[in-house]
Amino acid sequence: MKAEVIQSLLEKAEEARKKSYSPYSRYPVGAALMAKDGTIYAGCNVENVSYGAALCAERNALGSAVADGQRDFTAIAIIGSHEDYTMPCGICRQVLSEFHVPLIICGNSSKDYRTYTLEELFPSSFRAEELKH
Ligand SMILES: O=c1ccn([C@H]2C[C@H](O)[C@@H](CO)O2)c(=O)[nH]1
């Protein structure tokens with residue numbers, strides 16, 4: 001993926017991060033998911049007084065994209081902390097795996113990031129084919 005495209009995803013993730021509702025953890029996260037047609041869907045974490053009801057930025061971005069009819073994606077960028085690279089949680093890895101989001105860009109600012117393949121972050125995943133066994 002071209003550096004300029006990664007840059008624009010990180011910028012969108014950073015914008016969404018500013019809208020995070022995270023009064024309990026005080027850890028705002030933003031995500032930006034690119035569909036194969038180039039459309040970008042943003043999401044932020046939305047927490048709840050019942051802590052377990054919190055929704056992560058990545059899953060909110062994916063939900064918006066799917067509701068808009070998207071099923072094929074090229075990459076997702078995530079920004080949480082500005083001190084460290086923000087890695088997706090286990091549940092988000094499972095959900096990204098469902099839609100085969102192939103590239104995960106973990107940023108700590110719009111300029112500094114690391115990229116991982118889905119396979120690197122979520123190897124040997126549980127697959128739909130297994131339900132047929
Ligand atoms: O990849 C991540 C990791 C954490 N969070 C959120 C969940 C919770 O609101 C806060 C602290 O865990 O960060 C995300 O949105 N994405």
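From the backbone N, Cα and C atoms, a Cβ is placed for every residue, glycine too.
Remember, TrEMBL labels are computer predictions, not curated facts.
So that you can see what the record holds, here are the features copied from TrEMBL:
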DOMAIN    4-129  domain 'CMP/dCMP-type deaminase'
BINDING   ASN45, VAL46, GLU47, ASN48, VAL49, SER50, TYR51  substrate binding site
BINDING   CYS56, CYS89, CYS92  Zn(2+) binding site
ACT_SITE  GLU58  active site, proton donor
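Feature map: TrEMBL annotations on the structure.
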| residue | record | Cβ contacts under 8 Å, 6 or more apart |
| --- | --- | --- |
| VAL46 | substrate binding site | SER20, TYR21, SER22, ALA54, LEU55, ASN60 |
| GLU47 | substrate binding site | TYR21, SER22, PRO23, TYR24, SER25, ALA53, ALA54, LEU55 |
| ASN48 | substrate binding site | ALA54 |
| VAL49 | substrate binding site | TYR24 |
| SER50 | substrate binding site | none |
| TYR51 | substrate binding site | TYR24 |
| CYS56 | Zn(2+) binding site | VAL29, ALA31, ASN45, PRO88, CYS89, ILE91, CYS92 |
| GLU58 | active site, proton donor | ALA31, LEU33, GLY43, ILE76, ILE78, PRO88, CYS92, VAL95, LEU96 |
Contacting binding-site residues, sequence order - ASN45, ASN48, TYR51 vs ligand 1, Cβ under 6 Å: ASN45
VAL46 (substrate binding site) - helix vs strand vs coil (DSSP): strand
Additional residues surrounding substrate, by Cβ distance to the ASN45, VAL46, GLU47, ASN48, VAL49, SER50, TYR51 centre under 8 Å: TYR21, TYR24, GLY52, ALA53, ALA54, LEU55
Of CYS89, CYS92 (the binding-site residues), the residue whose Cβ has the fewest other Cβ atoms within 10 Å: CYS89
Three-state secondary structure, which DSSP defines for TYR51 (substrate binding site): helix
DSSP-assigned states of the domain 'CMP/dCMP-type deaminase' (4-129) in counts, ordered helix, strand, coil: 43 helix, 31 strand, 52 coil
